[in-house]
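The domain 'Glutamine amidotransferase type-1' annotation in Swiss-Prot covers 8-243. Feature annotation from Swiss-Prot assigns active site, nucleophile to 98; the stated evidence is sequence analysis. Summarising the annotation, Swiss-Prot assigns active site to 225, 227, 235 and lists sequence analysis as the type of evidence.
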């Protein structure tokens, strides 16, 4: 059987700054990528319908003015939302990381069984300590319905945000939990819950939530950056792990497999 190579539309423009490493990671996972400025979509030079995956990368779109991800989301709502809903209804995939998660949250893309796309169900607010957090954390997959996380358990991954505290009301939380839409939660290195304790939970997120998906499992957003931790050499403990592996006659793999697996799963979705 001929392997399908999905095309990824990597959004760009106005303060987004992770498009290059995000495109690189998707390429390593087996996809083709185009980095596309939002104005080119609005002008009709590129079309969402020509792609299988839309990627909202990290960064600080519009300098986080009016709230992180809000201005960029409004630009999409005012110009491209019909195209985006058509893309969703066609059964394709959308992924958002950090600022991308914030944009998608403001767009209302994480629909519940009781809601429709365009209805906002949650927020990503200022970190509890009112500080920008830039370091590595552990997150655990929660046996969700998400297509991006097949075969993933615990991930060691960097964060870089000042507004990452997930919040929703209790009714929404219970529906997310019931429908297995809570994808990632903050934890310790063994997978034990952070229980909202700092520094395991870096931002005070409600129920330690680091990432969620929509009711179909095809749309996911998360605050941590797996695309920034593609290679083993990027890990803080790399030199120690390298020395231990050397003494044991082993070689450290090039990639952090759990992190690239998110992107491989997206590619494999179109080869089922």
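Backbone N, Cα and C define each Cβ position, glycine as well.
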_Just to verify: the residue among 98, 225, 227, 235 with the fewest other Cβ atoms within 10 Å, which of the active-site residues is it?_
235
*Could you state the CA-to-CA distance between residue 235 (active site) and residue 227 (active site) to the nearest Å?*
12
*Would you kindly give the Cα-Cα distance separating the residue listed as 'active site, nucleophile' and residue 227 (active site), rounded to the nearest Å?*
11
_Looking at the domain 'Glutamine amidotransferase type-1' (8-243) alone, can you tell me the average pLDDT?_
97
